[in-house]
Structures are given as structure tokens and as C-alpha cells.
Amino acid sequence: MKFKKKNYTSQVDEMDCGCAALSMILKSYGTEKSLASLRLLAGTTIEGTSALGIKKAAEILEFSVQALRTDASLFEMKNAPYPFIAHVIKDQKYPHYYVITGANKNSVFIADPDPTIKMTKLSKEAFLSEWTGISLFLSTTPSYHPTKEKASSLLSFIPIITRQKKVILNIVIASFIVTLINILGSYYLQSMIDSYIPNALMGTLGIISVGLLLTYIIQQVLEFAKAFLLNVLSQRLAIDVILSYIRHIFQLPMSFFSTRRTGEITSRFSDASSILDAIASTILSLFLDLTIVVMTGLILGLQNMQLFLLVLLAIPLYIVVIIIFTPLFEKQNHEVMQTNAVLNSSIIEDINGIETIKALASEQERYQKIDYEFASYLKKAFTLQKSEAIQGLIKAIIQLTLSVTILWFGATLVISQKITLGQLITFNALLSYFTNPITNIINLQTKLQKARVANERLNEVYLVPSEFEEKKTELSLSHFNLNMSDISYQYGFGRKVLSEIELSIKENEKLTIVGMSGSGKSTLVKLLVNFFQPTSGTITLGGIDLQQFDKHQLRRLINYLPQQPYIFTGSILDNLLLGANENASQEEILKAVELAEIRADIEQMQLGYQTELSSDASSLSGGQKQRIALARALLSPAKILILDEATSNLDMITEKKILKNLLPLDKTIIFIAHRLSVAEMSHRIIVVDQGKVIESGSHVDLLAQNGFYEQLYHN
């Protein structure tokens, strides 16, 4: 099958190359799926997409897949099954995928998901040096039916625009009147040259001049009103576009955040700004520039048809310029947005990890990495700006050539007395009101292309379904027993992190889960709050499957407290009340901070509970953060608390006090701990090793078994 250029798909984020390669093959057979959907099907993780993940995703879409390790002899075959996916190590460092579209004696033709490369050819020697030999060959099954997933285009923003129709109408009216005044000014110039000066009409000249001055004052008032209304429109569009993106981000499942770098998510805000810019410009061009072009075109035609026809000859030149630059701008916009996302990720990562960087004296090393990425971003941005400048230069040359030609030809008409000097000057003055709107319409090309690329990137987020998409009614529970039956879990299509877990936890039980690092303890409890879905098995709360719960209700009933809790910018009181029972009383707040052994620390601060904290409370110790977070959890309405190493930064004495405070509470508490002093005090201990529950019982019982727990305890 011959690969068509229209089937090319570029990756949007760093880890999308496998899904983008699969998308190209699917398009060749008539199926169109977003990268967001393919990521879900292929189990893409923060490390990328495995060949097994691509195979599984293709099989779900009714394709048969052969994954083979082949060699260069594949390209000697007369009927090689092009296109197919090849796994490579790019630049001898990065795992990557190409779509192989063909080959000849010396070259291999590839479609690289990297938007900076796209479709190209490599020498066989260069390709073979990168190729791991792993190839995926896809063919349709008898049950295959092409499917097309709809992605929203820029047209989807029309409802947002129509909601602002009053503001837009006022902007258009103001702009229209301003243009009319400018046109009247041009005719004033013609009358002055052709009538008032030759006939010495001083009185008429004075009256007309004062009248024109008044209209110019009105014009400036309208210009101010237009600028004000444009700001209003811009802010309202920002609320609709940017806030809707933030709202959607908050509704996405944890699996979305665990498979993407922070910068990839935050860089979409600048993408949204590109869309806003394009929307505002398009509104003005559609409603205003087109109207002005038609109106001034009629006036110019009435003024002198010969000169106007000369003007019309320049329009095809503008169109040719647009067509030539379209593919170039698309490629360069992709490059700029992608390198910007990588740069943002690195900066956020390094600021968050600044303490570690300083502790390792690695400032220079990390700076050099950002320096390289920033230079790469600047290079791409400069290339785009250079292309825009070249296009601007060509358009300016066309416009200036047109102006000179009009004056030249117009002067010959004046000399031959076919038009007056005033008519020529007026025509030339009016010409800018015809060409400037056309230039504005042409300039939409770069903005709309940038917006189209930005919209594609936003779509990859919007197409990830909200975890709250399915409306569920709140359930009433007669008890709060937890039960896990035959639970297994794996990230993507990697190895199983949990395997066949059987576990029952009674209401108000105090249970500790222990095990080596990486044994699956944290993953196990994250399933209880539906951060991730089990690969197989069932979890019930109060005898009801967790999948039947509204997630908001579930997380109000089960509160998960991680080892590194986040403290938000604001006062200590604001942080304590986040997620708390509505109208939590002062007595309840004091009880929570006492149970968490943080009351004395807070009250010793100068402003007490009103003490302002910066992002992640860098002024507090790790132990203080953990205790504030614990008090916050105790103020929540949760019946079940999961403390994932939530006291690991505390000294042994404080930790023991907190445990003694928690054990009598009328709540189920699940501790995850490496310190076995925590386990000693709980009702029951669960020992997890390599994703399996291997022992269960009290501290005394497990020591008597001389098993894995006994080894942990003594070692």
C-alpha cells in the first residue's frame, strides 16, 4: 500500500511518537483516532509507548499485528508490506518509532512523528545504525470497520464568539464609523485641492475644516471606545477558553498526570492564548475588514475604474504568498510549541527540585541543560519569526510596488486630463483603506495556523475523558467494610505491580501495610480512592463496587494522605480547612491540630493560624508539613484514612504520640510504613512483597511465624 502524505501524524508531546506512528497506519486504512485515545488504548506511560502497547491498541481496533525482529534483508523483498512501524534508537539515545513508507537500493523512506522532520529519506546505513530490528506489521481483520473520531476544529469556538455578539457589534459599528470619517477626510483633501484653493473659497474652507475637526474628535472618542471594548472582548474570551481548559484539567483522572510532564500541561496555556488572538483577529476581519474592503472597493471603482482594476491585479499575488508559506508555518509552529513545552517542563522540574540540585552542587549541570533547551527554543522561535518577516517583506514589496504603480499610472491620467490631481491624491489616500483590510485578512494566515496547531494540542487534552463524566447519585452505606477480591494492576502493558490481592478491612480497624520499597504498597491504596482502575478484580466499600460510587463521594469517605503532602499558598487556617467538613467549628479545628501534635507549633508563630505560607510552605519543616496535612485529613468527613508514610518525617517520640491519638478514633485507618514501630501498635499487619500479600496477622503472630515480617523487623 502506498503511504499518502495526508496520512502523516505528528506527535504532540514527547512520549507520543508510538501513538503517532500507529495513527499514520490507521489513517492509511481509513481509521482516525486522536492521540489521546490511542494513548489510553496503548497504555502509554511517562516512559512512552511500548511495542506491546501499540500491538494491543491495534488489536482493539480490529487489526492483526505481527511483531517481528528482522534485518536489512527485509528491504530486498519485492513485496515488502509497506507501510510498517519500525522501532529505533534515535541519536543513539532516545527510543523512537518511524513509519517506513518504502525503500530503494540506497535509501529508506520514513515518516517521522517528530514534526521537525516529518516525511523524509535516510540512507540505509543511517537507518540501520538506528534500527533495533523490531518491526510491527499491521493488517485488517475480517471484522474491521473504519472509524473516525471527531476532534473539535476552530469552528467549535463559534458558540463562544456568538455569546459576545453585543460587544462585537459595538466594536464593528465604532470601527465602521471611524473608517467613514477617514474616508470623508480624503474627500475633504480632494475638494480643497480641486475647488477651495483654486476658487479662493475661504469661508467654505473654514466651515468645512471646523466640521471635519469635530468629526475627528468624535473619531478619537470612538477609537477609545473600540480599544476599551476590545479589552472587554479579550477578557471574556479568556474566561471562556482558558478557564474551561483549567476546569477540564481538574476533572481529569490521575492517570493523565502520571503519564505527562507538568510543562506539557502548562504550555497549553500559551496555546490557548494563540487561539484567543486568532479568534479576536478573525472576528474583526470577518465582520469589519470584509465590509470595509467591499465598501472602499465600490468607492475606488466609482472614483476611477482603470486604477481600481490595477489594484485588483495585486490580490492574486497575495494569495500566492499565502499558499507558499502555509506548510512552512505549520511545521515551524509545531516546533516552537513542542520545544516550549520541553523547556517549561525542565524549568518547573528544576525549581521544584532546587534543594536537591543545591545539595548535589549540580547548579551548573542543570543550568546547562536548560541553557541548551532554551537555545533550542529560541532557535525555533527565531526561524518562525524570520519566516514571518520574509513573508511580511514580500507583502510590503507588493504593497509599495502597487502604490508606486498607482501614482505612476495615475499621474499619466492627470497629465492627459482624464482625472484631476485631487482625485488622484484622494484615490491614493483611499487605497490604504482597501489594502490594509486585505493585509489584515492575509495576516490571519499565520495566526490561524498557529491557532490550528494550538487547537490540535488542546484537543489532545480535551479528548481525555473526565473522571466525573458519568453522573452518579450518592449512595447510602450501612457499614464501611472494605474488600479487595482478586485485584491485579499493571501500568500500561508493563509487568504486574499487584497480583491477585485478596484483602478485607473491617470498619474502624487500624491496619498497617508493610513491605520493601517498590513492593506495590502505595499502588494498592491508591486503587481504594480510584486514582487508578484495577486491571482485574473488584473492590467494594460497604458491599458496593467502587465503580458505582461518585468519585467525589468516594474521596470524601476515603481520604488518602501521601508521604509528601502539598501545602498551598495561603494561611495555615486556609490549608487546614481545605476539603474539611462544611462550617467546621473552632473546637473541631483545635481537636484536629491537637491530635496531629501541631497545635503548639502553630500557636508559637507570631500570626498563629493566620500565618501566611508560600507555595509548598518552604518555611516549614517536613514534619510540620506532614502534621498540618494530617490535621487537614482529620477535619475531612472521611470515615477511612489512608496514611501513606504520612509520619515518616517525624521523630519517633512525636510519631508515637500521634499514633496513640489516632488509634482510639472512630475511623478506619490504613497505615503504610517502613518503620515497624507503627505496625506494632496497629490491630493487624499486612505484608506485601512483589505485588502479593504474603503474610497477615498481628505483630506478635507474625514474629512467631519466623517469616518475611520477622526478617524485616530484625533487619
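Backbone N, Cα and C atoms are what each Cβ position is placed from, and that goes for glycine too.
Going by Swiss-Prot, these are the annotated features:
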type	residues	note
DOMAIN	11-138	domain 'Peptidase C39'
ACT_SITE	Cys17	active site
TRANSMEM	167-187	transmembrane segment
DOMAIN	168-450	domain 'ABC transmembrane type-1'
TRANSMEM	197-217	transmembrane segment
TRANSMEM	237-257	transmembrane segment
TRANSMEM	282-302	transmembrane segment
TRANSMEM	307-327	transmembrane segment
TRANSMEM	396-416	transmembrane segment
DOMAIN	482-715	domain 'ABC transporter'
BINDING	Gly515, Met516, Ser517, Gly518, Ser519, Gly520, Lys521, Ser522	ATP binding site
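Least crowded of the binding-site residues (Ser517, Ser519, Ser522), judged by neighbouring Cβ atoms within 10 Å of its own Cβ: Ser517. With DSSP states grouped into helix (H, G, I), strand (E, B) and coil, the domain 'Peptidase C39' (11-138) comes out at 45 helix, 47 strand, 36 coil.
Cβ neighbour density within 10 Å is lowest for Met516 among the recorded positions Cys17, Met516. You'll find the Cα of Ser517 (ATP binding site) roughly 31 Å from the Cα of the residue listed as 'active site'.
Counting every protein chain shown, the Cβ of Gly518 (ATP binding site) has 11 other Cβ atoms within 10 Å. Sequence-distant neighbours of Lys521 (ATP binding site) (same chain, 6+ apart, CB under 8 A from its CB) are Ile513, Val514, Gly515, Asp644, Ile672, Val688. Within 8 A of the CB centroid of the ATP site residues Gly515, Met516, Ser517, Gly518, Ser519, Gly520, Lys521, Ser522, the other residues of that chain are Val688, Asp689.
Secondary structure at Lys521 (ATP binding site), as computed by DSSP, is helix. Per-site Cβ counts within 10 Å over the binding-site residues Gly515, Gly520 peak at Gly515. Annotated pair Gly520 (ATP binding site) and Cys17 (active site), C-alpha to C-alpha distance, rounded: 29 Å. Cα of the residue listed as 'active site' to Cα of Ser519 (ATP binding site): a distance of 30 Å.
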